[in-house]
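Marked as ATP binding site by TrEMBL: K15, T174, D175. As annotated by TrEMBL, substrate binding site applies to S55, D142, N154. Taken from TrEMBL, the feature domain 'PUA' covers 281-365.
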Amino acid sequence: MNARTPIGNRRWVIKIGSALLTRDGRGLDHEAMAGWVEQIAAARAAGTEIVLVSSGAVAEGINRLGWGERPRAIHELQAAAAVGQMGLVQAWESAFIAHGRHTAQVLLTHDDLSDRKRYLNARSALRTLLAMGVVPVVNENDTVVTDEIRFGDNDTLGALVANLVEADLLLILTDQEGMYDRDPRHDPEAQLIREASAEDTALEAMAGGGGALGRGGMRTKVRAARLAARSGTATLIASGREPSIIADTVAGGDHGTLLVPRQPPQTARKQWLAGHLQVAGHFVLDAGAVRALREQGTSLLPVGVVEVWGTFDRGEVVACLDQEGREIARGLANYGADEARRIRGHASDAIEGTLGYIDDPELIHRDNLVLV
Ligand SMILES: Nc1ncnc2c1ncn2[C@@H]1O[C@H](COP(=O)(O)OP(=O)(O)O)[C@@H](O)[C@H]1O
Ligand SMILES: N[C@@H](CCC(=O)OP(=O)(O)O)C(=O)O
């Protein structure tokens, strides 16, 4: 068997899913948590900085409130998350304190990471905590988000946190040995993938949805790996039921599925752009502009835009689509939607004549543009 690509051990993000943490919804598995904490504390003592991304607030809230099943109403889910998050942080805090390690609760929303200022604040807070030897315990702030504006699954959140702290590894612990070439729940012949490129688009076809408690399944884990790769972060999907999974991985063991970045890391600003789950509008590009962006890495000029959709202001994130509606890039618009509609299809030297002023010759400057 070929040796796997080695993983750096400077900084890791470890994500633990709901199904694992809550024994399939029967309440927090304190014993398993103690086992993971012991291994994390040892890795930290040996010099690896670790951020924990912990799911399980909603599942634990449902358990604490004695509800038989997951509610559908958003206000009930928000309430369950608020109750359950208390149990989660209590459990992590006491497990880490037994090893003399402080934890810090960090609850994030999509808005926190899409607003540039708040993103930079979250980044410096996390980096400060890590430098102080604290283990940040991150979750989505489920109580203040609704379906339209949530990450929903913590795989995506884990990847964005890995971008924030520029982790070497995003370790996703789940209830399977790793990623198989098809959903093992439906096909016992499924084969475990040992290593693949995080950017390999064929992986998505092999990844299915999640179980009753987890939200994303393998699909969101594959997407998370692609997102994480933007900061040069490798993703390992492995079984949290394997008793010494973290220690073995630190020691260079080769459990699970490793998805490695093959492209060079992007700048922090481009990672931030790629991490936006929502955009304020769309530019539809002609074929020449699509080629120029993809093949030459140019800025987007008004002349290559055939349609402008949505309402947005200068500085907002806008997606660029080809004529079949496929997103090819996104970036920060230099003009608001109304101005963009007036200058689309025009050469840049006609902008001033059309608008009466010119801010920039491009609709999106290439420094603010990321291919997706
Ligand atoms: N190709 C695949 N390989 C492995 N697991 C898969 C695959 N496709 C779908 N799955 C499902 O994804 C589930 C894990 O995701 P999920 O239920 O969201 O858990 P978590 O809470 O850990 O995120 C597995 O239990 C498995 O049934
Ligand atoms: N923020 C949510 C986690 C969402 C979720 O279920 O994520 P996951 O189990 O990782 O697929 C919670 O704490 O309940």
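Cβ atoms are placed via backbone N, Cα and C, with glycine included.
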Tell me, in order along the sequence, which binding-site residues from K15, T174, D175 have their CA within 10 Å of S55 (substrate binding site). K15
Result for ligand 2 contact check over binding-site residues D142, N154, D175 with Cβ cutoff under 6 A is D142, N154
Grouping DSSP H, G, I as helix and E, B as strand, the residues of the domain 'PUA' (281-365) number 28 helix, 24 strand, 33 coil
Which one is it: of the binding-site residues D142, D175, which Cβ has the fewest other Cβ atoms within 10 Å in this structure? D175
According to DSSP, which kind of secondary structure is D175 (ATP binding site) found in, if we only use helix, strand and coil? coil
For the binding-site residues D142, T174, D175, which residues place their CB under 6 A from an atom of ligand 1? T174, D175
For D175 (ATP binding site) and N154 (substrate binding site), determine the Cα separation and express it in whole Å. 15
State the three-class DSSP label for K15 (ATP binding site), counting H, G and I as helix, E and B as strand, and everything else as coil. strand
For N154 (substrate binding site), nearby residues of its own chain (Cβ under 8 Å, 6 or more apart in sequence): K15, G17, V53, S54, S55, N139, E140, G216
Reported as an integer number of Å, what is the Cα distance between D142 (substrate binding site) and T174 (ATP binding site)? 21
Taking every pair from K15, T174, D175 (the record's ATP binders), the biggest C-alpha distance in Å rounds to 12
C-beta crowding around S55 (substrate binding site), within 10 angstroms: 29
State, in Å as a whole number, the widest CA to CA span among the substrate-binding residues S55, D142, N154 given in the record. 11
